Amino acid sequence: MSTRKHTALPKAQILIEALPWLTRHNGKTVVIKFGGNAMIDEDLKAAFAQDVVFLRHAGLKPVVVHGGGPQISAQLDKHGLVSEFKAGLRVTTPEAMDVVRMVLAGQVQRELVGLLNQHGPLAVGMTGEDAHTITATKHQPRIDGELVDIGRVGEITRIDPGAIEALLEDGRIPVISSIARSADDHHVYNVNADTAAAALAAALGAETLMVLTDVEGLYEDWPNSDEVISRLTASQLEKLLPDLSSGMVPKMEGCLFAVRNGVNTARVLDGRVPHSILLEIFTDSGIGTMVVPDGQGEP
Ligand SMILES: Nc1ncnc2c1ncn2[C@@H]1O[C@H](COP(=O)(O)OP(=O)(O)O)[C@@H](O)[C@H]1O
Ligand SMILES: CC(=O)N[C@@H](CCC(=O)OP(=O)(O)O)C(=O)O
């Protein structure tokens, strides 16, 4: 064996370790939610794009759904508008909705499409408004038993996955902004990106939902300890939901919805770690928190 071949052997072994995961996911759809808080620096965003393109070339069908909460808040601030959240959702006046749409579809989505397309003509950006992909109705959360008006925040009523499926069929990587149209009043609505990713994963019959955020996973006793729950079933998660707070609520509700509606695994991963998607593929037990349907064993 030549020295060159010999030194390359560990690399071959590393690739082979990914074989079971890649075999299981071959030809399957993977919905990846990239949170606004995980998009903290340029290198991380570039590494994210590389990972997604890697999956595409490895025979998977990745779909990216992006957030942009901090980016929206910064832009609202520039416009002299305050950011207020109720029940974990942004209170969205018609004026704020214009900013949400501009930041998500005009800035964050464009940037991700640009980064992905540095690797070839792969990514196509769209919002849930396009081709009636996401239809919503006005969402009115109940706080302390009372229905509260939080403006143009949408509750998803229907997903039409046709346009995304056509893009996947064409070998493209769809990049979706979580904005919906309403069939009732023809306004556009602001949808939480975790909720949109989960609904899309279910409607697309995705194998896996990956949610990249700015923590290692679901902490068992947040904020007191950094012990991450590595695996839990849908029923176990359902019991935990009432105790969760802030950004984790839509994330874990989304994971639960996904695995209860045909998605095989939903994972919360640390998007601050470079190449967290590839790390997930290359480690048997996975990183972060994995949610599985009931009947797939206790953690
Ligand atoms: N049990 C928990 N485990 C981990 N994070 C939690 C938990 N409860 C609340 N959080 C908060 O949720 C945040 C992630 O949600 P969010 O800020 O909406 O992120 P993203 O922009 O990625 O959607 C974490 O940074 C943390 O502050
Ligand atoms: C209704 C609602 O709250 N929508 C979110 C949409 C963006 C989002 O979800 O971004 P992250 O994933 O980065 O949090 C918002 O306006 O902030």
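Note that Cβ sites are derived from N, Cα and C of the backbone, with glycine treated the same way.
Arg90 (substrate binding site) has a Cβ environment of 22 other Cβ atoms inside 10 Å. Feature annotation from TrEMBL assigns substrate binding site to Gly68, Gly69, Arg90, Asn190.
The annotation domain 'Aspartate/glutamate/uridylate kinase' is assigned in TrEMBL to 28-269.
In this view, Lys33 (site 'Transition state stabilizer') is surrounded by 31 other Cβ atoms within 10 Å of its Cβ, with every protein chain counted. Annotation source TrEMBL lists site 'Transition state stabilizer' at Lys33 (among others).
What TrEMBL records for Lys251 (among others) is site 'Transition state stabilizer'. In this structure, Lys251 (site 'Transition state stabilizer') is part of a helix by DSSP. Within 10 Å of the C-beta of Lys251 (site 'Transition state stabilizer') we count 27 further C-beta atoms, all protein chains included.
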#### Entry: Cβ-Cβ neighbours of Gly68 (substrate binding site) (radius 10 Å)
26
### Query
Can you name the residues of this chain that are 6 or more positions from Gly69 (substrate binding site) yet have a C-beta less than 8 Å from its C-beta?
Gly35, Gly36, Asn37, Arg90, Ala193, Gly247
### Task
Starting from the substrate site formed by Gly68, Gly69, Arg90, Asn190, give every other residue of that chain whose CB sits within 8 Å of the mean position of their CB atoms, in sequence order.
Gly36, Gly67, Ile72, Ser73, Thr92, Val100, Val103, Leu104, Ser178, Asn192, Ala193
